[in-house]
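Okay, structure first, notes after.
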Amino acid sequence: MASNNHFMNSRSNLSTNSDAAEAERHQQPVSNSVTFARRTPSGRYVNYSRDDLDSELGSVDLTGYSVHIPPTPDNQPMDPSISQKVEEQYVSNSLFTGGFNSVTRAHLMEKVIDTETSHPQMAGAKGSSCAVPGCDVKVMSDERGQDLLPCECDFKICRDCFMDAVKTGGMCPGCKEPYRNTDLADFADNNKQQRPMLPPPAGGSKMDRRLSLMKSTKSGLMRSQTGDFDHNRWLFETSGTYGFGNAFWTKDGNFGSDKDGNGHGMGPQDLMSRPWRPLTRKLQIPAAVISPYRLLILIRIVVLALFLMWRIKHKNPDAIWLWGMSVVCELWFALSWLLDQLPKLCPINRATDLNVLKEKFETPTPSNPTGKSDLPGLDMFVSTADPEKEPPLVTSNTILSILAADYPVEKLACYVSDDGGALLTFEAMAEAASFANMWVPFCRKHNIEPRNPDSYFSLKRDPYKNKVKADFVKDRRRVKREYDEFKVRINSLPDSIRRRSDAYHAREEIKAMKLQRQNRDEEIVEPVKIPKATWMADGTHWPGTWINSGPDHSRSDHAGIIQVMLKPPSDEPLHGVSEGFLDLTDVDIRLPLLVYVSREKRPGYDHNKKAGAMNALVRASAIMSNGPFILNLDCDHYIYNSQALREGMCFMMDRGGDRLCYVQFPQRFEGIDPSDRYANHNTVFFDVNMRALDGLMGPVYVGTGCLFRRIALYGFDPPRAKEHHPGFCSCCFSRKKKKSRVPEENRSLRMGGDSDDDEEMNLSLVPKKFGNSTFLIDSIPVAEFQGRPLADHPAVQNGRPPGALTIPRELLDASTVAEAIAVISCWYEDKTEWGSRIGWIYGSVTEDVVTGYRMHNRGWKSVYCVTKRDAFRGTAPINLTDRLHQVLRWATGSVEIFFSRNNAFFASPRMKILQRIAYLNVGIYPFTSFFLIVYCFLPALSLFSGQFIVQTLNVTFLVYLLIISITLCLLALLEIKWSGISLEEWWRNEQFWLIGGTSAHLAAVIQGLLKVVAGIEISFTLTSKSGGEDVDDEFADLYIVKWTSLMIPPITIMMVNLIAIAVGFSRTIYSVIPQWSKLIGGVFFSFWVLAHLYPFAKGLMGRRGRTPTIVYVWSGLVAITISLLWVAINPPAGSTQIGGSFTFP
């Protein structure tokens, strides 16, 4: 590993030789000199860098490499105005690979999938070939995919041949006439026929332009974020500007009027007189509901305390062991209920106003004359790991719902993390990008909801309701047919890849055998053994995981891969035409940026499962698009409400939104049986607990459907965070707080410390925190600035000026993608704080809860966004065994949290006490399983022994029991009232609480203790996702009985209680002096336990009617036999034989 540190100081190398031997990975690391070039069909190497990398990177102090591009007669630097137009086309058509001790390669792919693609943004899109003899390179194209032809004779020519022609006299190879214009930028702009964009700042490198937004904020504006400063007046009464895209008033004071002064002009007084409208509102629970709710909690706490005191004082001398066990369990249950109930004291609801969002960010204003979207960028993360358990069709539908979301196209980017590195997932994403060419414009034209094609075409409601366009029926029929063909292509991909690989493998074997025979003449030739590779559609080896795993091509050992499936869209709307199958006139046909990412995996490096994959996406997206906000989805969760992203952005862009670390959306599920047998909807958690936490510091992070602030993931403190420096005891021996000299507006970029040196974040330590990528480090202040709310009101602190985000997005170049390859390599996180303080936190099965806890612990807040129409929907395991394993994984993560430093006992003073109790309950709840199992056996032990937990059922005990039960029911009814759930959902949750508590939670505690005490690591298999292919029976998985050891405790509890009831009845009936009170008490509690386990018993029976009758007969006979045998062995007092006085009371 000695070469590792040396290699970390250099960026990955880039070349386009895709046929080089893969053994190069084992060679010594390359030098720090990196060449960015590609080879043309004529053998020339052409520079394709968009900026002068030497000048750009040389200005950074932390740079440990240099870039050398030696000029030759055939390789002269190209004019930036020409190269920028073609650079993204090259990037989107190239597959970038690289990693540890390997060269970063850009493999130019003329074909990504077997089918033809036509969208100009897509990789491998079909186009015309160069007409110059001996050249087959694609012709340059514009945003619409139309050919860029520099000569009036329309001779088709590629970029390289055009540059050759310009250098050799400027003559067109077709008509032999000189080119009238040799600048591609000019005729490209004429071909687009779009409005001119706001110009970038004059001069400066790409890095200067990238950081100029942040530089512009180092002005008096940032030092004046106080309530006494009028931002509107400063902006419109001075000639100064901050940020890009701002406008100031003309001398006549009118804006928006025509040349004659007529029109609806608006002056600064008109703007300042308009009332400021918030983006969100907090809706308090009615006092008629919440006040009795809190009063009942107080009453129940008092009654529980009195009851436990009475139970401790009044022992049962006849069965002291039974009394002791019951009291210990009741004490724990009281503590567990208290930890669960206290955080529910302050539930709230929230509402958003999308009209205000549109008015503030997408309406023409003096600071945004063109009305371009001023919303911040948003990077969407979709994670998948195994195409066998997570069907590619499900993942493709999720991608399509994201691409069709109602959010500015140029501000949206989608990153797909394929942690398995499978070619099947890669080609499925390419097929989805191709189908999006039709699906996304169709959704925009007809306002389709939901925008997941599989869910939309499976709707059981009338699809033509509220549709007024005459061509909707024709369009829907056409798109439905295309989607059916798309599904067939996706389903046939595994066989297609296998057949293709077999064909190429056979060809390679034949070539090798011919070569071997030629070299050895007539000698006996041994069979040639060639590794069976997986081949891509363009006839090259897949750099990821092969179907038949081999060295450097397995799930845990493969190179990093990045493919830009859809290149970034143009800044201006691109309207379709009436030609083709759909009339897309006045419909924007642009598609968001879509990137396939598979991080590098190598033996000896811990991959950290999903958390590691998410952190790799965070770094790659920071370099490629750097959206200040991130929303992550599991591959089986899709956008059900196309405006959900806007609703989440309302919270982030509202006043005080800069202190929000994330917006959590509730999880809603499809494909669950109508009775919700195993409480898959989990509505008590998502609609009761999460709403209650929203009234504190915010809900916990649940792993999917969460909108993050990027800098919160980076481990920064929130703006205006209160600093605490507790000593041994913060109450008595606290140290004095230093007075910070760091400006208030810059505190969001601090990671602790108060000195002037800390204001610069100790630049020498930055690589130790984030790694050695200067691109990544430079993107941090840009993301922080762009994520601020608008400074459109004096009360808005730490805001940004309106119109600052209307500038065009920078184009992707190969050097940027190469840097992204470097940051997803297996070695990048070595000796950094990724996973410990930055990004998703490692070390727990439930990395989501720990990640959210760390943010709240630093003082950030979160909000819960419940939309009228579900924001996201997904699938959940409806099979009993799968559900228990899911609960086991969650509970194991909680046990890990309890035994780690993430225990809420060690939370910082920034966390509120009730929020701390909520996180403490997250770590403690699995331990209830021990007491729950004991308590479930107590009724049976009572019936077996003829004793009860109390000596007699006196009035005091019954009154306490009645009050506790009534308060519990009333609290449940009030929770149902303010949360909106149903009584059946509440009861299903209670049932599964006992089922999970007696099975999965017990196993989780045992596994957690084994990990802590013995160091035994815990591994879980990926939960299989349903592909929705079983049309005949949607709930077929519900009836499948798959045995697991988790079923043993609940089955034992049921059997013991059933036998105990039979024994109790037999004992009482044959007793000389029947004690019916003890029997009734024991039978009542046994039936209460069995009622909770009813869904579990129903799941064991499988499909209704399929359980043989003989099973019930034998079960009854066994129960009767055991009960009679017990009575014979231990006869009732006063009876000498079975029989005797058989009398009813």
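Placement of Cβ uses the backbone N, Cα and C atoms for every residue, glycine included.
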S257, S554, S740, S755 - the residue Swiss-Prot records as phosphoserine:
S755
Under 8 Å, at least 3 Cβ pairs, sequence separation 6 or more: does that hold for the transmembrane segment (1079-1099) versus the transmembrane segment (289-309)?
no
Could you tell me the C-alpha distance between D419 (active site) and D848 (active site) in angstrom, no decimals?
18
Listed stretch, out of 289-309, 319-339, 930-950, 1045-1065, that has the most CB pairs under 8 angstroms to the transmembrane segment (956-976):
289-309
So what's near the transmembrane segment (930-950) in sequence-distant terms, Cβ-Cβ under 8 Å and 6+ beyond its ends?
311, 314, 316, 318-319, 322-323, 325-326, 328-329, 332-333, 957, 994, 997-998, 1001-1002, 1005, 1049, 1053, 1056-1057, 1059-1061, 1063-1064, 1067, 1075, 1078-1079, 1081-1083, 1085-1086, 1088-1089, 1126, 1132
Once the chains shown are all counted, how many other Cβ atoms turn up within 10 Å of the Cβ of D848 (active site)?
23
Can you tell me whether DSSP puts D419 (active site) in helix, strand or coil?
coil
By a simple count, how many Cβ atoms lie within 10 Å of the Cβ of D419 (active site), its own Cβ left out?
24
